[in-house]
Amino acid sequence: MILINKPTELHEKIKEERQKGRSIGFVPTMGALHEGHLSLIQVARSNHDLVVVSIFVNPLQFGEGEDFETYPRDIDRDQELCRQEAVDILFAPSVSEMYPETASVEIKVVEGVDVLCGQSRPGHFDGVATVVLKLLHMVWPDAAYFGQKDAQQVAVIKQMVKTLSMPLSIVASPTVRESDGLAKSSRNVHLTKDERQIAPKLYQTLLEAKEHASGGANRKELISFIQKRLETLTLGRVDYVDVLSYPKLEQVEELSGTIILALAYHFSHARLIDNIIIEK
Ligand code: AMP
């Protein structure tokens, strides 16, 4: 595995590999890798000749007062994990290498961002789309791999790639969870001991809501069901709860087709998100 920090160096290496006709799979991450990230790397490894992983905590996707500074970082451990997963190139640029000058063009996501994280973190998906677009230009992979844990991100990126006619596939993989159901997240290290005990309730609540949905509950009833359950938790507070069509992310009163049940929850030092997708 080689570690590359400079986009120009990455470009040279990718050009060489492309000339050899090798297929490229790409996994963009913000590091502090866990089994969720590794599952994406493993799928990419099984599908491509060359696997590129990026680690970049993207300031553009963090709002004021969010956790950009405190976001967990451990490049040595990440490097070791990538080596174990037979990653070929680990790309870890600095902020100044990624954003060397003021931007002459701004990326603005205009679809699917008036709900969920797009609503509670204004501008977040503009930052995500900007960095993903830049990374996709640098790596120009045949496929890029994303986690369904960030379901709105998957929907936004798929639409962006389609809108911009980019010739690559966006592949989504299921959420990897701890044995008690908590979705793996780099931010879980910021949970206190007591919060960590409560945190699996987020997923349990979504599972109970799924049952409720099979019983015929409509959108409003499901949202209120989830909200009420979460309000009984003794720590933290709800950021949002919603039930929408997926991947369009539209409000539909009568639930049919593919539906996402999604939530975001604030603990003292970590805002966690989770979702499940059901077929009605
Ligand atoms: P992040 O480093 O949090 O930006 O995540 C990088 C990629 O890993 C994104 O596509 C995430 O959706 C994905 N990911 C994060 N957590 C999980 C998880 N628990 N299971 C599957 N994929 C995940």
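Even glycines carry a Cβ here, placed using N, Cα and C.
Database features, via TrEMBL:
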type: BINDING; residues: 30-37, 147-150, Val176, 184-187; note: ATP binding site
type: ACT_SITE; residues: His37; note: active site, proton donor
type: BINDING; residues: Gln61; note: beta-alanine binding site
type: BINDING; residues: Gln61, Gln153; note: (R)-pantoate binding site
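Filtering Leu33, Gln61, Val176 by Cβ distance to ligand 1 (under 6 A) retains the following binding-site residues: Val176. The secondary structure of Val176 (ATP binding site), as reduced to three states from DSSP, is coil rather than helix or strand. Restricting the recorded positions His37, Gln61, Gln153 to those with a CA within 10 Å of the CA of Val176 (ATP binding site) leaves His37, listed by sequence position.
In the structure shown, the C-beta of Leu33 has more C-beta neighbours within 10 angstroms than that of any other entry among the binding-site residues Met30, Leu33, Val176. Sequence-distant contacts of Gly36 (ATP binding site), defined as residues of its own chain at least six apart whose C-beta falls under 8 angstroms from its C-beta, comprise Gly147, Lys149, Thr175, Val176, Ala183, Lys184, Ser185. Taking Cβ-Cβ distances under 8 Å and a sequence gap of 6 or more within the same chain, the neighbours of Ser186 (ATP binding site) are Met30, Gly31, Ala32, Leu33, His34, Tyr71, Pro72.
Among the binding-site residues listed (Gln61, Gln148, Gln153), Gln148 has its Cα nearest to the Cα of His37 (active site, proton donor). Residues near Gln153 ((R)-pantoate binding site) in space but far in sequence (CB under 8 A, at least 6 apart, same chain), listed by position: Cys117, Phe125, Val128, Phe146.
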